[in-house]
Amino acid sequence: MPFSALYEVLGHTWFFGAEWCDVWRSLDVLFSTASILNLCVISLDRYWAITDPIAYPMRMTKVKSAILIAGVWVCSSAISFPAIAWWRAVRTSPIPAFKCPFTEHLGYLIFSSTISFYLPLFVMLFTYFRIYRAAVAQTRSLRLGTKQILLGSGELELTLRYRSAITDVMIKIWFNPHNKNFSLSRKLAKFAKEKKAAKTLGIVMGVFVICWLPFFVVNLLSGFCIQCISNEKIVLAVVTWLGWINSSMNPVIYACWSRDFRR
């Protein structure tokens with residue numbers, strides 16, 4: 001971002017050489033893609049946690065988490081440094097002095113946009129739709145709620161109400177924290193926490209779409225018809241910075257919606 005700001009202030013004049021231009025462009029693609037793919041992996045994690053909470057601890061082990069994180073960075077690296085180097089190798093016209101243009105190769109723009117944005121966007125839309133349906137179904141089954149009262153003996157009184165078209169039944173269950181049945185209360189509390197986390201991540205996703213969609217639309221359009229974009233430099237600068245701002249907004253969203261994050 002500092003180099004981009006300097007590049008804009010100097011009227012798109014680059015004083016740092018072709019090699020550092022390649023590094024800067026590659027790091028831009030690397031970190032932007034990694035940020036988006038991390039949101040995609042988080043959405044998958046929440047999807048598994050809410051739709052299959054029993055199997056989730058066995059599915060999402062530390063090893064699998066490490067593999068997913070490593071996969072994000074490997075994939076991000078694969079479409080940044082090697083791709084930019086390839087573009088430099090196959091470029092036929094020389095790069096103007098004191099310029100640091102990004103690739104205009106249509107094939108690369110389509111490939112990178114698909115991997116960096118459109119595919120993760122599809123995955124996130126699918127997972128959050130399924131999360132929403134699962135949360136609604138589980139909330140409906142518990143919509144009459146559970147009332148928990150901590151008794152003086154340390155036991156927990158859990159009131160469950162079941163309503164059908166014929167009867168309205170209220171069941172009271174007493175749990176001892178040392179009893180195995182106490183795990184039901186913990187599961188109910190865990191579901192509420194998972195649901196709130198999914199809501200927070202849903203807001204993160206909404207902001208992500210607002211910030212990044214304009215950039216990737218303009219990115220593809222520039223490959224097909226650069227003349228179709230009026231004030232090209234200004235438009236590209238605005239949508240690029242809007243995408244970068246997304247990363248700074250995520251901590252603010254978490255701070256506003258997550259009590260654990262504020263602590």
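Cβ atoms are placed via backbone N, Cα and C, with glycine included.
Summarising the annotation, TrEMBL assigns domain 'G-protein coupled receptors family 1 profile' to 1-254. Confidence for the domain 'G-protein coupled receptors family 1 profile' (1-254), expressed as mean pLDDT, is 75.
Long-range contacts of the transmembrane segment (23-44) within the same chain: residues 3-4, 16, 68-69, 72-73, 75-77, 79-81, 83-84, 100, 102, 112, 115-117, 120, 123-124, 127-128, 131, 201, 204-205, 208, 212, 243-244, 246-247, each at least 6 residues beyond the stretch ends and with a Cβ under 8 Å from a Cβ of the stretch. Annotation source TrEMBL lists transmembrane segment at 23-44 (among others).
Marked as transmembrane segment by TrEMBL: 65-87 (among others).
Residues or ranges marked as transmembrane segment in TrEMBL: 107-131 (among others).
Only residues 6 or more beyond the boundaries of the transmembrane segment (200-222), in the same chain, are considered here, and those with a CB under 8 A from a CB of the stretch are 36, 39, 42-43, 46, 104, 109-110, 113, 116-118, 121, 124, 128, 131-132, 228-229, 232, 235-236, 239-240, 242-243, 245-246, 249-250, 253-254, 257-258. According to TrEMBL, the transmembrane segment annotation covers 200-222 (among others).
Summarising the annotation, TrEMBL assigns transmembrane segment to 234-257 (among others).
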Mind checking which residues reach the transmembrane segment (107-131)? Cβ under 8 Å, same chain, six or more beyond either end.
29, 32-33, 36-37, 39-40, 43-44, 46-47, 50-51, 75, 79, 83, 87, 198, 201-202, 205, 208-209, 212-213, 216, 219-220, 222-223
By Cβ distance under 8 Å, which residues at least 6 away from the ends of the transmembrane segment (234-257) in the same chain are close to it?
1, 4, 8, 32, 35, 196, 199-200, 203-204, 207-208, 211-212, 214-215, 218, 222
